[in-house]
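Engineer: Before I ask anything, here is the structure I am working with.
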Amino acid sequence: MLPKHDVRFIDKDMPSKLLDRADATDVIVQPPLSQAVGYVVVVVIGLVIAFAMVFITKVLKRTVGEDNKKTEMFMTANRSVSTGLTSSAVVSSWLWSTAMLGSSLVGYNYGVSGPFWFAAGCSPMIVFFAVLGISCKRKIPEAHTLLEIVRIRYGTTAHFVYMFLCLINNLFAVANMLLGASAAISAMTGMHVIAATFLLPVGVALYTFVGGIKATFLTDYVHTFTIVIILCYFSVKAFTVDEVGSLSKLYDLLRAASERHPVSGNEEGSFLTMTSKGGILFGILHIAANFGLVIMDTSFFIKAFSASPEAVVPGYVVGGIAYFAIPWCMGTLASSVVLGLENNPIFPTYPRRMTDAEVSGGLVLPYFAMTIAGEGGAAGILLITFMAVTSTLSAQVIAVSSIISFDMYRTYWKPTASDSDVIRWSHYGVIFFALFASAFSTMLHYVGVDLGWTLYMLGVITCPGIFPTSFTILWRRQSKAAATISPLLGMATGIAVWLGTAYALYGNVSIATTGAIVPCVWGTVASAISPLPYTICITLIKPEDFDWAEFRKERLAFGVMSASGETTVVGRSADAESREDAESAHSQLALKRWGRIAAIWALATFLGHWVLWPLPMYASKYVFGKRFFAAWLVIAIIWLWGTLFVVGLYPMVDGRTQLAEVWRAIRGGGWRKDRDGRISDVSNSEGDGQSTPNVIVPGEKRDAFEVAAGSTPPSLPLCPKPPHWRSPPSFYIPTFCDHTPARHVGFTLPLANMSTTVTVTDQPRITAENVLRLFPEVNTTLIGGEHNSATDDNALEGYDEEQIRLMDEVCIVLDDDDMPIGSASKKVCHLMENIDKGLLHRAFSVFLFDSQNRLLLQQRATEKITFPDMWTNTCCSHPLGIPGETGVGLDASVQGVRRAAQRKLDQELGIKTAQVPIDDFKFLTRIHYKSPSDGKWGEHEIDYILFIKADVDLNVNPNEARDSRYVSQDDLKAMFKDPSLKFTPWFKLICESMLYEWWDHLDSGLEKYMGEKEIRRM
């Protein structure tokens, strides 16, 4: 228990009489809810949510291939999380229980300035983190933790130093959460504080153990949405209480409270002013501490690594700005109601004021809820406290488990660790940290530390790494010695100033004096700022010139597990590195652009929230009038409701494609078991020199048979073709069918005017488990793996040199469900000997239309190795195994092929990226086809169909395209009638089945054809 007059909230000379409280024994506040309710929420609901998240992650694995037994999925969600979910997760990362409890606490002590400074101390660094996040995406896209970056650049000693700093940060952050949450839960239910402290992490550990970072993102969403709904309810409910009634009456109550209990250091002693010495001191302390908390919190880096590249900046910017409303609105409203109604019989502590211990314990918000909503309000606070602490705790747990598994186990114990080994140690880390953090928080509780103490002193511990860590990512000149020594010197400086100031002001060093605001401010500032001159001075002695390319040479990302259970990790050769640099130049330019946008937003947010808005108000010495106070609170409430959209609806809108994909898979039963399939070969026997694509069908091995035009083959199950498939007379071979049009999943083969031989063969399905056995040339990594040169044998002898070079490009190897299972050179993927055995890769086909709705065609160059001199759609190529173009799950894969399309349109036709923005590409469907080019080469692809409408400038590369032309529908049909013209098989197939119908709806109604989830097996 802290002393009656808690010095942490007062200046040295503040008369203690201003904070007099009635003796705590005058009125005992009884918990409004029973202990049973507390245990139900903390244990039962925690387990229910945990099992729900476990179920959801299993459904995602079955439906969209998100396998949390793979390290890349467990730790980084395959780096494919969307903007909406990133925004929600960012808000959740700052939505600590202390954000609501603490903002109300400082509002109670400093008036309206306290919650504002609390909010202003959170949003700028969230947005600033987008700068660091996008820099990491650009310089080291395969990282899992901040500490991997430190180790690569500075070596082992610095790695251990930063490991210590990050773990201390995580530990104190969790202790801060648990101390505040357990006190609030105890006050609401009578549940023992220690029981709450140990039981809160149970559910978190369970769903994090199973689901990894994606489970954290999902629970972030569910918890944050629920919390903000309850807060929005409180923002309305407060004004339905007769004792409050309106903004005008609340203003009068707060003004009367200022007269009864004036605040030392505030203009006129009023709660209704931004001119508050205590408030601005807290603002300085809070923003410095929070910069440390964010930058040294590996969970923020993990979420940045998990987001897709284009989601990092908008996700963090939107999340940071949306978050501002939560502490500002609820802190202002809750503290105003509590201050105004403390002398009213409906207040829980009436007739006394809240004690110092109650305020410091974070009970302002719970008492506010009890005042306006009774037991229902208490239940609401219990629920949001539980959800806030479990959601943020999950991020901390996964962060520490990543340090244990990657930075300790994989780095120093077993560098050759398999995927399963790292996952197992991640699980150990989850359990260990949950138990250790609970024990540490218990120790702090019993020595007299509470929420107020940790809230104020946190920055002393968390801030020393701000500048050295930022410079590690942003400044190539910082030396190893500077990065290693400066944070340790900074921490020593901060602790010395903190303890020295407490002793100088109060004559002793104790829990109470070290929790006072003035020592904490000076200690935090010293801890944050002193490493800046330290690192600059040490660097100037012997500066370095670090090559950012060194980051890309490290073995970081895990590949796909082989049948033996071993996992091949990334290792780049110099040739692979140079190829990747050339191929991903467009991605680098895009990331640099995002970096500039992030820097602008970070500066604007800091200036807006911390400088241009509050500082003039502080200098003006203005005491709010009734209208100004009403506007102040109305804006805060509207902003809060806007946050509800960002955290609740935006992720659903942004993730609607994957949600629909999951729903369709569940309805179709696809989540219960894996699908199976077989390969059948179909070749045109007409002898026109062109190949008709092969058909992928299930079934048993059968003999060859002849199919005349318009007839059907024997012994194959046939069903009517789906009505939206436009094609010549054809038959349709279903994978499965209940003879209902809505349930056709199968393949169409055009048969007009030709005789076709169909041979159904029984071949093994290519999977992650057997791909290496069947194709030793495949590497089970998606990005950066070693591959044999295309010139290792004479297979390409006599071909064009540039086209031979391009055969070294790395394609994405797939299973039949479009799941990446490795990578292989373009040469390996296009050899018919491999294609005949089932090797499958990812491709795309772009159809570019001008403003007159004419389609741009190209005639492939004579130099092309496959399908030379044939006419085809605008651009046909492959996404490569490079950052930004790979993808697991449909959304991420579509983004990858869009980036690849931009790259190839420029390389083949000279169409600049600015003329074909990535968001203008419309994804329609995927087709799975196989077709030989000649006896040696062919195609076996899952081809993503992209439409885009744009007027572009052409600068055709003659080594890629022999000719190009714009055509109308009639022009194209006339070309097909010209026997002298040849067409690529995929283009002919698309034209005969789907193109014209899509083309008819180019300007209106194309949406109904977009985003198709099922793969069309052609």
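One is the number of the first residue shown, and numbering goes on along the chain from there.
Yeah, the Cβs are placed from backbone N, Cα and C, and that goes for glycine too.
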Engineer: Name the residue range among 218-238, 512-532 that TrEMBL annotates as transmembrane segment.
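Structural biologist: Spelled out, TrEMBL records transmembrane segment over residues 512-532, not the other listed ranges.
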Engineer: What else in the chain is close to the transmembrane segment (512-532), if you only count residues 6 or more beyond its ends and a Cβ gap under 8 Å?
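Structural biologist: Contacts with the transmembrane segment (512-532): 2-3, 6-12, 278, 281-282, 284-285, 288-289, 291-292, 452-453, 456-457, 459-461, 463-468, 486-487, 489-491, 493-499, 501-503, 505-506.
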Engineer: Can you give the mean pLDDT for the domain 'Nudix hydrolase' (839-989), rounded to a whole number?
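Structural biologist: 91, rounded to a whole number.
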Engineer: Could you name the stretch, out of 36-56, 157-179, 453-475, 597-616, with the greatest number of CB pairs under 8 A to the transmembrane segment (378-404)?
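Structural biologist: Looking only at 36-56, 157-179, 453-475, 597-616, the most contacts with the transmembrane segment (378-404) come from 157-179.
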Engineer: Answer with yes or no whether the transmembrane segment (36-56) touches the transmembrane segment (185-209) by the criterion of at least three Cβ pairs under 8 A, sequence separation 6 or more.
Structural biologist: yes
Engineer: Between the transmembrane segment (453-475) and the stretches 116-136, 314-341, 628-650, work out which stretch tops the count of Cβ pairs under 8 Å.
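Structural biologist: Comparing 116-136, 314-341, 628-650 against the transmembrane segment (453-475), the winner is 116-136.
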Engineer: Using a Cβ cut-off under 8 Å, which residues of the same chain at least 6 positions beyond either end of the transmembrane segment (157-179) come close to it?
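Structural biologist: For the transmembrane segment (157-179), the far contacts come to 96-98, 146-147, 150-151, 197, 200, 292-293, 296-299, 388-389, 392-393, 396, 399-400, 403, 407-408, 411, 433, 436-438, 440-441, 444-445, 449-451, 454-455, 458, 461-462, 464-465, 469, 480, 483-484, 487-488, 491.
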Engineer: Residue list, the transmembrane segment (597-616) vs rest of chain: Cβ under 8 Å, 6 or more residues beyond ends.
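Structural biologist: Non-local partners: 113, 116-117, 119-121, 123-124, 127-128, 130-131, 133-134, 274, 283, 287, 312-313, 316-317, 320-321, 324.
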Engineer: Near the transmembrane segment (628-650), which same-chain residues lie under 8 Å Cβ to Cβ, leaving out any that are not at least 6 residues past its ends?
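Structural biologist: Cβ under 8 Å, 6 or more out: 83-84, 87-88, 91-92, 112, 221, 224-225, 228-229, 231-232, 235, 247-248, 250-251, 254, 272, 318-319, 322-326, 328-330, 332-333, 336.
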